[in-house]
Amino acid sequence: MLHAWNSYVKYAWGMDELQPQSKNGVNSFGGLGATLVDSLDTLYIMGLRDEFQKARDWVAESLSFDKDYDASVFETTIRVVGGLLSAYDMSGDKVFLEKAKDIADRLLPAWDTTSGIPYNSINLAHGRAHNFGWTNGDSILADSGTEQLEFIALSQRTGDPKYQLKAENVIRQLQKIYPSDGLLPIYINPQSGQASYSTITFGAMGDSFYEYLLKVWIQGNKTESVKHYRQMWETSMEGLISLTRQTTPSNYTYICEKSGGSLSHKMDELACFAPGMLALGASGYGPEKAKQIMNLAEELARTCYNFYQTTPTKLAGENYYFHAEQDMNVGTSWNILRPETVESLMYLWRLTGNKTYQDWGWDIFEAFEKNSRIASGYVGLRDVNSGEKDDKMQTFFLAETLKYLYLLFSPPSVVSFDEWVFNTEAHPLRIVPTHGSNGQSIETAKPVVRPFGRKQGKQG
């Protein structure tokens, strides 16, 4: 983490991303200091206090959202709103909460559609929202259903319900069109609120919608007011099971994609979040079903680990295809330092105690060290077969990949699942205890000052 962070500080300070080979920074998120904001809680958890303080001061003095830039509502929410809220929950420093509120207020007009399903892009300066040109005017499932954790948390911490109301309404709208197998296509019309004919997937553009159904239920203390999230999630898990198949000859379990009635035997590395999600959700079932779900999680994790092990570099490609008697073949062959497999290994290690998951995580870490580490940071690979490097240190490498690896080798009490829920960018949000039976009480989260007490953690 220090090598990645120090490289960013040296060559790209205050910019969105480091280009390690060029040794410069690039603003791919509108100039919001994306790597810095995404790294705050990782620095805090690892006890890197001087680095955290320097980053905190930049947020206080230099972070501005008044940018004439069309931002992805989804990416800005998970990285920036999530990163700031997590830094607030960890440190108790109000500057993070104020900045989170500022950016969320700029995103909010995206939800002003006929159905309440948000547009996925908005100009941060003048608030004009629209959808990406390539979606035919539709909103994307993951992009529209992955703001609930952050916006509910923001309402809890500010006492202003407007964020929560906008985000939760989306789920109520999707509930109206929810199919019996719980599998929604990735394109939704923001005017009608109806699904458009499109792919069903647990990979890109579908993935985190399903993850948040489970996690909002956990965030809401599993109370009556969030019960419909758990019910929708359980329905979707039956759908997931219906999409699973086994390879030959080695019996690797994988999750297909679906278009109309036909299955596509393809799986994104992005879908490797699913074993961790299944493991996290298993305990909410009765004993028999819990065991079935946990077994599926373990089987899928084995497949995802094998995504890494089957390439010459021991780093996974972006997606895989499954053909009879060939087990799996790399499709798109880049690796951009993605975290999903180590994320699932961390959940499985914590929830099963099986150290094999630590061993697998260490293998993946060593492959990153061998192939992706250069003198000026970490880079992805253009091709996991040849090992050819790209020129980008993704913000999620610091936010997620390194954090999950660190937690895989930390005691489970460090950012405990009992007290925290991770957003889809690995930003831990504190679970606020509810008072009263309706579970709707909004109270300000009490900041934690851990792992180090600091002057900047003034409370109030």
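Including glycine, each Cβ sits where the backbone N, Cα and C put it.
What TrEMBL says about a protein is an automatic prediction, not a curated fact.
Fair warning: this is a prediction, and the values are worked out from it, not measured in the lab.
Listed in TrEMBL:
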type: ACT_SITE; residues: Glu75; note: active site, proton donor
type: ACT_SITE; residues: Asp207; note: active site
type: DISULFID; residues: Cys272-Cys304; note: disulfide bond
type: ACT_SITE; residues: Glu318; note: active site, proton donor
type: ACT_SITE; residues: Glu340; note: active site
type: BINDING; residues: Thr424; note: Ca(2+) binding site
type: REGION; residues: 435-460; note: region 'Disordered'
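For the recorded positions Glu75, Asp207, Cys272, Cys304, Glu318, a Cα-Cα cutoff of 10 angstroms around Glu340 (active site) retains Cys272, Cys304. Note: the CA-CA distance between Cys304 (disulfide bond) and Glu318 (active site, proton donor) rounds to 11 Å. A count of other CB atoms within 10 A of each Cβ picks out Asp207 as the most crowded of the active-site residues Glu75, Asp207.
Comparing Glu75 (active site, proton donor) with Thr424 (Ca(2+) binding site), their Cα atoms are 10 Å apart once rounded. Sequence-distant contacts of Cys272 (disulfide bond), defined as residues of its own chain at least six apart whose C-beta falls under 8 angstroms from its C-beta, comprise Leu300, Ala301, Cys304, Phe307, Ala316, Glu340, Thr341, Glu343, Ser344. When the Cα atoms are compared, the residue listed as 'Ca(2+) binding site' and Glu318 (active site, proton donor) turn out to be 18 Å apart.
Taking the active-site residues Glu318, Glu340 in turn and counting surrounding C-beta atoms within 10 angstroms, the largest count is reached at Glu340.
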